[in-house]
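**Student:** Have a look at this one.
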Amino acid sequence: MFALLIPAIGKARIRSWSDGQRSVFFGAVPIVGVIVGWPLGVALMAGGAPQWMREIGAGTIVGIVLISLLLNFIVYQVFNAKQREVLAERRAVEAQLRLLQAQMEPHFLFNTLAGVQTMIDIEPERAKRQLESFTDYLRASIDSLRTEDSMLGRELDLARSYLALMQQRMEDRLDFRIDVDPVLAGRPLPPLLLQPLVENAIHHGLEPKIEGGRVHITAREDGGALVIEVRDDGLGPDGPKRPGGVRGNGVALDNIRRRLEGRWGDRATLEIAAAEPGTLARLRLPLETPTR
(Lines of atoms letter the chains of each structure in order from A and count residues from 1; the text may use other names and numbers.)
(Lines give C-alpha, C1' and ligand atoms only; values in the text may rest on other atoms or scores of the structure.)
Protein backbone atom coordinates (compact mmCIF):
# COMPACT_ATOMS: atom_id res chain seq x y z
CA MET A 1 0.00 0.00 0.00
CA PHE A 2 2.90 2.35 0.69
CA ALA A 3 4.10 1.81 -2.89
CA LEU A 4 0.72 3.10 -4.12
CA LEU A 5 -0.05 5.82 -1.57
CA ILE A 6 3.32 7.59 -1.27
CA PRO A 7 3.64 8.40 -5.02
CA ALA A 8 -0.05 9.37 -5.11
CA ILE A 9 0.23 11.76 -2.16
CA GLY A 10 3.78 12.93 -2.84
CA LYS A 11 6.86 12.73 -0.62
CA ALA A 12 7.09 16.53 -0.32
CA ARG A 13 3.53 16.76 0.96
CA ILE A 14 4.10 13.97 3.50
CA ARG A 15 7.25 15.73 4.76
CA SER A 16 5.20 18.91 5.25
CA TRP A 17 2.78 17.11 7.61
CA SER A 18 3.11 17.46 11.36
CA ASP A 19 4.78 14.67 13.34
CA GLY A 20 1.37 13.48 14.58
CA GLN A 21 -0.06 13.29 11.07
CA ARG A 22 2.90 11.26 9.83
CA SER A 23 2.60 8.90 12.80
CA VAL A 24 -1.08 8.28 12.08
CA PHE A 25 -0.38 7.74 8.38
CA PHE A 26 2.48 5.26 8.79
CA GLY A 27 0.62 3.45 11.57
CA ALA A 28 -2.76 3.22 9.87
CA VAL A 29 -1.62 2.11 6.41
CA PRO A 30 -0.27 -1.33 7.54
CA ILE A 31 -3.40 -1.97 9.60
CA VAL A 32 -5.69 -1.12 6.71
CA GLY A 33 -3.48 -3.29 4.51
CA VAL A 34 -4.05 -6.29 6.81
CA ILE A 35 -7.82 -5.74 7.06
CA VAL A 36 -8.30 -5.29 3.32
CA GLY A 37 -5.43 -7.30 1.89
CA TRP A 38 -5.90 -10.61 3.68
CA PRO A 39 -9.52 -11.34 2.66
CA LEU A 40 -8.91 -9.89 -0.78
CA GLY A 41 -5.85 -12.08 -1.30
CA VAL A 42 -7.72 -15.21 -0.23
CA ALA A 43 -10.64 -14.34 -2.53
CA LEU A 44 -8.39 -13.70 -5.51
CA MET A 45 -6.46 -16.91 -5.00
CA ALA A 46 -9.74 -18.84 -4.50
CA GLY A 47 -9.00 -22.53 -4.61
CA GLY A 48 -5.29 -21.91 -5.09
CA ALA A 49 -4.90 -20.45 -1.59
CA PRO A 50 -3.16 -22.65 0.99
CA GLN A 51 -5.45 -24.44 3.44
CA TRP A 52 -4.19 -22.45 6.44
CA MET A 53 -5.05 -19.16 4.72
CA ARG A 54 -8.60 -20.27 3.95
CA GLU A 55 -9.14 -21.41 7.53
CA ILE A 56 -8.09 -18.08 9.09
CA GLY A 57 -11.20 -16.48 10.57
CA ALA A 58 -12.22 -12.97 11.50
CA GLY A 59 -10.99 -13.47 15.08
CA THR A 60 -7.44 -14.08 13.94
CA ILE A 61 -7.50 -11.00 11.71
CA VAL A 62 -8.84 -8.91 14.60
CA GLY A 63 -6.00 -10.25 16.77
CA ILE A 64 -3.42 -9.27 14.17
CA VAL A 65 -4.96 -5.79 13.96
CA LEU A 66 -4.92 -5.40 17.75
CA ILE A 67 -1.26 -6.45 17.94
CA SER A 68 -0.47 -3.96 15.16
CA LEU A 69 -2.28 -1.23 17.10
CA LEU A 70 -0.36 -2.07 20.26
CA LEU A 71 2.99 -2.00 18.48
CA ASN A 72 2.05 1.25 16.77
CA PHE A 73 1.10 2.77 20.14
CA ILE A 74 4.44 1.73 21.69
CA VAL A 75 6.42 3.17 18.77
CA TYR A 76 4.37 6.37 18.93
CA GLN A 77 5.04 6.78 22.67
CA VAL A 78 8.79 6.28 22.20
CA PHE A 79 8.81 8.71 19.28
CA ASN A 80 6.73 11.23 21.23
CA ALA A 81 9.11 11.08 24.21
CA LYS A 82 12.06 11.70 21.89
CA GLN A 83 10.26 14.65 20.30
CA ARG A 84 9.58 16.17 23.72
CA GLU A 85 13.27 15.82 24.58
CA VAL A 86 14.30 17.52 21.31
CA LEU A 87 11.76 20.29 21.89
CA ALA A 88 13.08 20.89 25.42
CA GLU A 89 16.65 21.14 24.10
CA ARG A 90 15.54 23.54 21.37
CA ARG A 91 13.76 25.77 23.88
CA ALA A 92 16.86 25.80 26.08
CA VAL A 93 18.96 27.02 23.14
CA GLU A 94 16.31 29.63 22.30
CA ALA A 95 16.35 30.84 25.91
CA GLN A 96 20.15 31.17 25.82
CA LEU A 97 19.91 33.23 22.63
CA ARG A 98 17.26 35.51 24.13
CA LEU A 99 19.43 36.03 27.20
CA LEU A 100 22.40 36.89 24.99
CA GLN A 101 20.24 39.28 22.97
CA ALA A 102 18.92 40.92 26.14
CA GLN A 103 22.48 41.40 27.40
CA MET A 104 23.54 43.06 24.14
CA GLU A 105 20.48 45.31 23.71
CA PRO A 106 21.25 47.82 26.53
CA HIS A 107 24.58 48.80 24.92
CA PHE A 108 22.92 49.30 21.55
CA LEU A 109 20.05 51.28 23.10
CA PHE A 110 22.42 53.49 25.10
CA ASN A 111 24.62 54.26 22.09
CA THR A 112 21.59 55.10 19.95
CA LEU A 113 20.00 57.40 22.52
CA ALA A 114 23.35 59.06 23.25
CA GLY A 115 23.71 59.77 19.53
CA VAL A 116 20.24 61.31 19.37
CA GLN A 117 20.98 63.44 22.43
CA THR A 118 24.17 64.73 20.82
CA MET A 119 22.40 65.69 17.59
CA ILE A 120 19.19 67.13 19.00
CA ASP A 121 20.53 70.70 19.41
CA ILE A 122 22.86 70.72 16.40
CA GLU A 123 20.83 68.79 13.79
CA PRO A 124 17.25 68.51 15.12
CA GLU A 125 15.82 67.15 11.85
CA ARG A 126 18.41 64.40 11.65
CA ALA A 127 17.87 63.59 15.33
CA LYS A 128 14.13 63.31 14.67
CA ARG A 129 14.68 60.91 11.75
CA GLN A 130 17.03 58.76 13.80
CA LEU A 131 14.56 58.64 16.69
CA GLU A 132 11.79 57.55 14.30
CA SER A 133 14.02 54.80 12.88
CA PHE A 134 14.94 53.75 16.40
CA THR A 135 11.26 53.52 17.39
CA ASP A 136 10.53 51.32 14.36
CA TYR A 137 13.47 49.07 15.22
CA LEU A 138 12.46 48.81 18.88
CA ARG A 139 8.90 47.85 17.98
CA ALA A 140 10.05 45.13 15.53
CA SER A 141 12.66 43.85 18.00
CA ILE A 142 10.14 43.49 20.84
CA ASP A 143 7.78 41.57 18.54
CA SER A 144 10.55 39.07 17.74
CA LEU A 145 11.62 38.65 21.36
CA ARG A 146 8.07 37.87 22.50
CA THR A 147 7.38 34.99 20.13
CA GLU A 148 8.75 31.44 19.88
CA ASP A 149 7.95 31.23 16.17
CA SER A 150 8.05 34.04 13.67
CA MET A 151 7.70 34.54 9.92
CA LEU A 152 10.12 35.64 7.23
CA GLY A 153 8.18 38.87 6.66
CA ARG A 154 8.38 39.86 10.33
CA GLU A 155 12.11 39.11 10.52
CA LEU A 156 12.69 41.13 7.35
CA ASP A 157 10.84 44.06 8.96
CA LEU A 158 13.27 43.85 11.88
CA ALA A 159 16.26 43.76 9.52
CA ARG A 160 14.86 46.67 7.49
CA SER A 161 14.27 48.86 10.56
CA TYR A 162 17.75 48.04 11.89
CA LEU A 163 19.41 48.90 8.57
CA ALA A 164 17.39 52.14 8.33
CA LEU A 165 18.61 53.08 11.82
CA MET A 166 22.22 52.30 10.95
CA GLN A 167 21.82 54.28 7.73
CA GLN A 168 20.91 57.31 9.85
CA ARG A 169 24.19 56.87 11.72
CA MET A 170 26.46 56.06 8.79
CA GLU A 171 24.68 58.34 6.29
CA ASP A 172 26.16 57.96 2.79
CA ARG A 173 28.47 55.17 3.96
CA LEU A 174 25.61 52.64 4.04
CA ASP A 175 23.18 51.50 1.37
CA PHE A 176 20.93 48.47 1.60
CA ARG A 177 18.47 46.52 -0.51
CA ILE A 178 16.00 43.72 0.30
CA ASP A 179 14.76 41.58 -2.61
CA VAL A 180 12.18 39.03 -1.43
CA ASP A 181 8.99 37.84 -3.15
CA PRO A 182 6.02 38.97 -0.97
CA VAL A 183 4.62 35.42 -1.35
CA LEU A 184 7.41 34.21 0.96
CA ALA A 185 6.56 36.66 3.75
CA GLY A 186 4.33 34.11 5.50
CA ARG A 187 6.98 31.36 5.57
CA PRO A 188 7.78 30.25 9.14
CA LEU A 189 11.17 31.37 10.41
CA PRO A 190 12.53 31.16 13.98
CA PRO A 191 12.92 34.64 15.50
CA LEU A 192 16.32 36.34 15.54
CA LEU A 193 17.83 33.86 13.10
CA LEU A 194 18.39 36.43 10.35
CA GLN A 195 19.20 39.48 12.49
CA PRO A 196 22.69 38.41 13.71
CA LEU A 197 23.77 37.93 10.09
CA VAL A 198 22.65 41.47 9.22
CA GLU A 199 24.43 42.88 12.29
CA ASN A 200 27.60 40.99 11.35
CA ALA A 201 27.50 42.51 7.87
CA ILE A 202 27.40 46.00 9.40
CA HIS A 203 29.73 45.72 12.39
CA HIS A 204 32.41 43.46 10.92
CA GLY A 205 32.07 44.24 7.22
CA LEU A 206 31.02 47.82 6.55
CA GLU A 207 31.54 49.94 9.69
CA PRO A 208 35.32 49.37 9.78
CA LYS A 209 35.54 50.19 6.06
CA ILE A 210 36.25 53.89 5.50
CA GLU A 211 33.93 54.26 2.51
CA GLY A 212 31.29 51.89 3.91
CA GLY A 213 29.31 49.83 1.44
CA ARG A 214 26.11 47.93 0.77
CA VAL A 215 24.04 45.13 2.33
CA HIS A 216 21.84 43.02 0.05
CA ILE A 217 19.28 40.56 1.50
CA THR A 218 17.51 37.99 -0.70
CA ALA A 219 15.26 34.99 -0.10
CA ARG A 220 13.98 32.33 -2.48
CA GLU A 221 12.61 28.80 -2.62
CA ASP A 222 15.01 26.23 -4.01
CA GLY A 223 14.44 22.47 -4.14
CA GLY A 224 12.10 22.25 -1.17
CA ALA A 225 14.19 24.67 0.91
CA LEU A 226 14.04 28.33 1.90
CA VAL A 227 17.35 30.00 1.03
CA ILE A 228 18.13 33.35 2.68
CA GLU A 229 21.29 35.26 1.76
CA VAL A 230 22.89 38.30 3.38
CA ARG A 231 25.64 39.75 1.22
CA ASP A 232 27.87 42.74 1.94
CA ASP A 233 30.75 44.31 0.02
CA GLY A 234 32.77 45.05 3.13
CA LEU A 235 36.10 43.78 4.40
CA GLY A 236 35.27 40.09 3.89
CA PRO A 237 35.72 37.13 6.25
CA ASP A 238 39.52 37.36 5.96
CA GLY A 239 39.67 41.14 6.40
CA PRO A 240 41.49 43.00 9.21
CA LYS A 241 40.28 42.24 12.71
CA ARG A 242 38.42 44.85 14.72
CA PRO A 243 39.93 46.26 17.93
CA GLY A 244 40.00 43.47 20.50
CA GLY A 245 41.22 40.87 17.99
CA VAL A 246 37.80 39.49 16.99
CA ARG A 247 36.79 39.11 13.35
CA GLY A 248 33.04 38.46 13.17
CA ASN A 249 30.55 37.53 15.85
CA GLY A 250 31.50 33.90 16.44
CA VAL A 251 29.14 33.51 19.39
CA ALA A 252 26.15 34.59 17.32
CA LEU A 253 27.07 32.26 14.45
CA ASP A 254 27.58 29.33 16.83
CA ASN A 255 24.16 30.04 18.34
CA ILE A 256 22.55 30.01 14.91
CA ARG A 257 24.15 26.67 14.03
CA ARG A 258 23.05 25.14 17.34
CA ARG A 259 19.49 26.32 16.75
CA LEU A 260 19.48 24.92 13.22
CA GLU A 261 20.77 21.55 14.43
CA GLY A 262 18.28 21.42 17.30
CA ARG A 263 15.32 22.11 15.03
CA TRP A 264 16.21 20.44 11.74
CA GLY A 265 19.34 18.33 12.28
CA ASP A 266 21.52 18.23 9.18
CA ARG A 267 18.66 19.40 6.93
CA ALA A 268 19.48 23.06 7.66
CA THR A 269 22.83 24.80 7.12
CA LEU A 270 24.58 28.13 7.60
CA GLU A 271 27.44 28.95 5.24
CA ILE A 272 29.82 31.91 5.54
CA ALA A 273 31.98 32.57 2.48
CA ALA A 274 33.98 35.29 0.78
CA ALA A 275 31.89 37.21 -1.76
CA GLU A 276 34.76 39.04 -3.53
CA PRO A 277 34.39 41.70 -2.31
CA GLY A 278 32.78 41.21 1.07
CA THR A 279 31.02 38.33 2.76
CA LEU A 280 28.11 36.07 1.87
CA ALA A 281 26.07 34.43 4.64
CA ARG A 282 23.63 31.79 3.36
CA LEU A 283 20.89 30.11 5.41
CA ARG A 284 19.25 27.02 3.92
CA LEU A 285 16.17 25.78 5.79
CA PRO A 286 13.55 23.10 5.05
CA LEU A 287 10.30 24.65 3.86
CA GLU A 288 7.58 24.52 6.50
CA THR A 289 3.83 24.94 6.03
CA PRO A 290 2.63 28.28 7.42
CA THR A 291 0.39 27.91 10.47
CA ARG A 292 -2.85 29.81 10.65
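Note that Cβ sites are derived from N, Cα and C of the backbone, with glycine treated the same way.
Below, the features straight out of TrEMBL:
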DOMAIN    95-174  domain 'Signal transduction histidine kinase internal region'
DOMAIN    193-288  domain 'Histidine kinase/HSP90-like ATPase'
TRANSMEM  24-44  transmembrane segment
TRANSMEM  56-79  transmembrane segment
**Student:** May I have the DSSP-based helix, strand and coil counts for the residues of the domain 'Histidine kinase/HSP90-like ATPase' (193-288)?
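**Tutor:** Residue counts for the domain 'Histidine kinase/HSP90-like ATPase' (193-288) by secondary structure: 30 helix, 32 strand, 34 coil.
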**Student:** Can you give the mean pLDDT for the domain 'Signal transduction histidine kinase internal region' (95-174), rounded to a whole number?
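**Tutor:** The average pLDDT of the model in the domain 'Signal transduction histidine kinase internal region' (95-174) works out to 78.
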